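Notes to accompany the following structure.
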């Protein structure tokens with residue numbers, strides 16, 4: 001059975017005394033996200049009370065333009081609506097250097113303790129950055145450090161906005177990329193010195209490079225469990241892709257572990273939902289991905305997932321329209337982040353006092369996905385509904401109101417200055433939409 005036309009199953013939000021879902025009219029665009037939650041009023045002031053977040057959320061601050069946007073998001077959409085304990089860690093490059101990157105390790109331990117973290121985009125320094133910031137050394141990627149500490153799988157899913165044209169026009173449903181966030185090239189070590197015992201290649205004319213890498217059965221097994229559980233949760237088929245015809249032992253281990261777990265633990269549940277699991281060669285899978293309409297999950301090794309997630313994001317219209325979450329096999333420990341970088345070019349313009357039009361949607365979704373996980377773990381449905389409503393406000397501001405940042409306007413073929421707004425103007429538009437929705441609901 002071909003998987004490439006399967007439709008996602010929509011699951012309605014459970015009704016509670018603290019939340020309600022507006023019924024969509026026959027003429028409205030159908031959505032699976034509730035329009036807003038019903039705020040509880042403060043009887044003394046008749047003002048909506050803040051939602052109490054029962055347990056802390058770990059906040060990881062970042063660098064450059066995204067750091068500025070991150071603060072604006074907190075000021076507009078987090079502190080005014082939520083009574084929340086944020087465990088703050090500054091992962092800005094200067095402070096990472098000051099602490100010898102200990103702050104990154106401490107942040108990862110805090111996520112382990114409190115289960116939920118939200119992360120701003122950060123700089124991974126290269127030679128130029130080492131010189132620019134006068135760093136003690138070329139620090140490792142904080143994302144890689146945190147992922148290796150937590151384990152689990154990074155799942156990246158496009159934010160689909162109907163108004164934004166797809167570069168891959170056939171994609172109608174999301175394609176979720178599960179990236180195994182452990183080992184492979186990302187834990188490889190630079191080596192030098194004496195020759196090693198195992199012969200890899202005979203360098204005859206001049207020098208060259210060699211690489212060793214590893215993975216573990218424990219990590220691959222966790223990757224498989226996370227992928228199978230997400231497929232069941234979203235009612236989508238799952239494809240695992242490797243190049244096991246070439247890397248017979250290395251990639252073959254991934255293939256064998258996935259297949260064994262599927263056959264022994266997940267096959268019955270998959271069949272009951274009418275979905276399936278299949279292994280495909282990575283080159284074949286990429287070709288099928290381009291031809292498909294979407295609506296499935298791809299479980300990929302570390303490097304493949306890194307590359308394909310950006311392809312999927314751009315194919316759906318913009319790198320700024322991609323969610324990124326790290327989920328551990330137990331489904332509890334969770335970190336969400338913006339899938340893009342720190343937007344250095346815009347930051348340079350900001351430093352000159354010029355206006356910028358940076359897309360903040362992925363950064364907002366980093367917050368909302370973390371809040372949704374916190375709400376689910378704490379059984380706080382009003383927090384889940386709030387976060388989902390903020391996501392819908394972001395989408396509707398673009399799709400219904402036509403208010404968008406420059407990258408989205410360009411994706412729509414619009415180049416005039418009046419066709420797009422600045423970052424702050426977009427955030428203001430989202431805030432107005434949320435306030436109007438709140439006013440209508442009270």
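Cβ atoms are placed via backbone N, Cα and C, with glycine included.
Annotation source TrEMBL lists domain 'Isopropylmalate dehydrogenase-like' at 56-430.
DSSP assigns residue 291 (NADP(+) binding site) to a helix. According to TrEMBL, the feature NADP(+) binding site maps to 122, 123, 124, 129, 291, 341, 342, 343, 344, 345, 346, 359.
Within 10 Å of the C-beta of residue 146 (D-threo-isocitrate binding site) we count 24 further C-beta atoms, all protein chains included. The D-threo-isocitrate binding site annotation in TrEMBL covers 124, 141, 142, 143, 144, 145, 146, 147, 156, 179.
Annotation comment: TrEMBL describes 186 (among others) as site 'Critical for catalysis'.
Marked as site 'Critical for catalysis' by TrEMBL: 243 (among others). Cβ environment of residue 243 (site 'Critical for catalysis'): 251, 281, 282, 283 lie under 8 Å away, each six or more residues apart in the same chain.
According to TrEMBL, the Mn(2+) binding site annotation covers 283, 306. Residue environment of residue 283 (Mn(2+) binding site) contains 11 other Cβ atoms, counted within 10 Å of its Cβ in all protein chains.
Remark: residue 142 (D-threo-isocitrate binding site) has 60, 91, 96, 101, 104, 107, 122, 124 as non-local neighbours, by Cβ distance under 8 Å and separation of at least 6 in sequence.
Of all the binding-site residues listed (122, 342, 344), 344 has the fewest other CB atoms within 10 A of its CB.
The NADP(+) site in the record is lined by 122, 123, 124, 129, 291, 341, 342, 343, 344, 345, 346, 359, and its two most distant CA atoms lie 40 Å apart. In the three-state DSSP reading, residue 306 (Mn(2+) binding site) counts as helix. Using a 10 Å radius centred on the Cβ of residue 306 (Mn(2+) binding site) and all shown protein chains, the other Cβ atoms total 18.
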